[in-house]
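What follows is a short report on a single structure.
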Amino acid sequence: MHCCSCIARRSYINMDSKEFAKLKRMDESLKLTKEIDCVVYTSELLEMDEEGADQPMAAERDTWSKGVEFLFSCIALSVGLGNVWRFPFIALENGGGAFLIPYLVVLLLVGRPIYYLEVIIGQFSSRGCIGAFDLAPIFRGVAYGQVYSTALATTYYACIMALTIRYLVVSFSEVLPWTYCLAEWGAQCVATGATANDSSNISTSLQGKSSAELYFTQTVLREPYSLDEGLGTPSKEMILCLLATWIIIALTLVKGIRSSGKASYFLALFPYVIMLILLVRALTLPGAWNGIVYFIQPQWSQLLNPHVWYAAITQMFFSLAICFGTLVMYASFNDFSKRVHKDVIIVTTIDSFTSILAGCIIFGILGNLAHETNVTDISKVVKGGAGLAFISYPEAIAKFKYLPQMFAVLFFFMLLVLGIGSNIGMATCVINVIKDRFPHLQHWQLAIGASIVGFLCGLVYMTPGGQFILNLVDFYGCTFIALVMAIAELFAFSWVYGVKRLCSDIEFMLNVKTGFYWRICWAIMAPGLMFLVLVYMLVSYEPLTYKGVEYPEAAYMAGWLIWGLGVAQLPFWALYTIYQQPGHSFLTKFRLALQPTKDWGPRQPQKLQAYLLHRQKVVESKQRRGNFFFDNIFG
């Protein structure tokens, strides 16, 4: 394939001096120059000799075996642990049922539009998250930062899966190990089994700690009070559980999307079978309805609290896995003409429905726990984050008089499946970035290599102080970086590449016009709200703590270093891209770096030719509506 610039130069040589001067007078903006080059490139493509036409445009990219595999893979990616333990607790502490109002508003203004935007970019370009930024090369650092953040999340997400496997294995015991006290726990332990004296469990927070909490912190994690004495050494049991997690991930990814696509049927659908079983069981427990009412009862005064809206945006952001590069990567395997807007609506709706369903299940069972222990305030039996899954819920199961082992197995197997589905998506994103850079490598080599690296990195989380490190990496390496990269991504897509051109590309690809709802959300609402979240996060920033315990100064320095490495991808790749551009002045190079690359468009040669002709017609009939801002949104 001839390079566009070479073809353009050859066409200039064939012009006489007057024609060449006339063309250069038209070159008042570098953007127009790029469009002219692409028009020349199109005419040359159409007149290619047979030898040139036979040359491949790019290495052939994998595609889904069936279109529905994309849908199920997205469901498995988006519906994860955050729906089961993060959403119920976040909703509870931010207004209960009233939290659903900002949550659904944010779904419509931020979650769904960004989800659709990333899917469209990936499908149109058939490129991974790095290649997708060929539309605005100066922002390629956004993709590298997202991959960096996703890789960090993959390592610690697998460690949560290791905890789930540990609990799943011991759930087959004749007596659940968190239902009774061990001698080394001392007199502070209060047994939570169904045979324990219920009167002794009243307000255990005042008398001591439950056996479920002590089993998690002392037996499973062996957690210290602080990091003053170091991280410690990992236990053999947790190392084996982490190894099992990465073996599952490696086997699922060994053939790329051909294997992970098949696994998506099970990963996406099976958790709902278990959820329905648990829901039926929860609704039949004494006190369950009190827990559910407590969960959904609105606290209307919370709607005026800015923290509630901050919590809604961040929950939606991480629940749907937007702006992490994974959605662009999954969509790049789609058929070029797939009508993805229906899939987007289905996935985002199911994700929100699952969060509410999980909340009803969790609080129904916690309502039963409060009933069994004669606690009137249900918040006394609720712990946030991992504590909800590994302390509160096991404690509630311990009170079941019939088949507690079965319901423990069902719950932790559901968590495992949900976690594996999300982790598969994140690991696939990282692997495909390497695959796109080194196409000669086989999928099985990359899957095994990534799993070995992930396992070795994950060992630090298996130490007694591992949860401190997990909390640190989650905040500085994922949450903080992801918000910065999300804003940069939205600016690149909506304002540098432009909503107007994006809508033109959608019309070319799907033959549908984009409505004002999507345009306004892409250009104004989504980036504006994400920017406000970042400002609120910076203004309200306080030194990170874990269970109220501050980190050593060295840990904070390490956290900021992790954050700095991710955010530094933006200026580094921007400067590198500018340096690579032709031209003599910095301004010329800068303007060129803002423009799409010469080969931007569909990867298939025939569709690329058609797209360049389409762009030629758009340029020739170019009409601006009002100023740049108005034209970009409504043009």
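If you go along the chain as it appears here, the first residue is 1 and each next one adds 1.
Cβ coordinates come from backbone N, Cα and C, glycine included.
Where the annotation comes from TrEMBL, it is an automatic prediction and has not been curated.
Per TrEMBL, these features apply:
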TRANSMEM  67-85  transmembrane segment
TRANSMEM  97-117  transmembrane segment
TRANSMEM  147-169  transmembrane segment
TRANSMEM  237-254  transmembrane segment
TRANSMEM  266-289  transmembrane segment
TRANSMEM  309-332  transmembrane segment
TRANSMEM  344-366  transmembrane segment
TRANSMEM  407-434  transmembrane segment
TRANSMEM  446-463  transmembrane segment
TRANSMEM  475-496  transmembrane segment
TRANSMEM  516-539  transmembrane segment
TRANSMEM  559-579  transmembrane segment
Next item on the list: Please work out whether the transmembrane segment (516-539) lies in contact with the transmembrane segment (475-496), by counting C-beta pairs under 8 angstroms that are 6 or more apart in sequence and asking whether there are at least 3.
Entry: yes
Check: Honestly, do the transmembrane segment (309-332) and the transmembrane segment (97-117) touch, with at least three Cβ pairs under 8 Å and pairs 6 or more apart in sequence?
Finding: yes
Item checked: For the transmembrane segment (67-85): best-contacting stretch of 97-117, 407-434, 446-463, by Cβ pairs under 8 Å -> 407-434
Next item on the list: Would you mind listing the long-range same-chain contacts of the transmembrane segment (407-434), meaning Cβ under 8 Å and 6+ residues beyond its ends?
Entry: 73, 75-81, 83-84, 128-130, 147, 150-151, 153-154, 157-158, 160-161, 164-165, 167-168, 171-172, 176, 245, 248-249, 252-253, 256-257, 260, 263-264, 266-268, 270-271, 274-275, 277-278, 281, 321, 324-326, 329-330, 389, 393-394, 397, 400, 441, 443, 446-447, 450-451, 454
Note to self: Given a Cβ distance threshold of under 8 angstroms, which distant residues of the chain, six or more beyond its ends, lie next to the transmembrane segment (475-496)?
What the structure shows: 114, 117, 121, 133, 135-136, 138-139, 142, 145-146, 148-149, 152-153, 314, 317-318, 322-324, 502, 522-523, 526-527, 530-531, 533-534, 537, 544, 559-560, 562-563, 566-567, 570, 594, 632
Check: What parts of the chain pack near the transmembrane segment (237-254), using Cβ distances under 8 Å and only residues at least 6 beyond its ends?
Finding: 158-159, 161-163, 165-166, 169, 220, 260, 263, 420, 423-424, 427-428, 431, 443-444, 446-448, 450-452, 454-455, 458-459, 461-462
Checklist line | Spatial neighbours of the transmembrane segment (266-289) far in sequence, C-beta under 8 Å, 6+ residues away | finding: 72-73, 75-76, 79, 354, 357-358, 360-361, 364-365, 367-372, 407, 410-411, 413-414, 417-418, 420-421, 424
Margin query: Quick check: do the transmembrane segment (97-117) and the transmembrane segment (559-579) share at least 3 Cβ pairs under 8 Å, counting only pairs 6+ apart in sequence?
Written below: no
Next item on the list: Grab the same-chain neighbours of the transmembrane segment (344-366) for me: Cβ-Cβ under 8 Å, and only residues 6 or more beyond its ends, written as numbers and ranges.
Entry: 71, 74-75, 78-79, 83-85, 87-88, 91-92, 100, 103-104, 107, 111-112, 115-116, 119, 272, 275, 278-279, 281-283, 285, 288-289, 291-292, 294-296, 319-320, 378, 381-382, 388, 392-393, 396-397
Note to self: I need to check the long-range neighbours of the transmembrane segment (446-463): which residues 6 or more away from its ends have a CB within less than 8 Å of a CB in the stretch?
What the structure shows: 154-156, 158-159, 162, 231-235, 238-239, 242-243, 246-247, 249-250, 253-254, 256, 427, 430-431, 434-435, 469-470
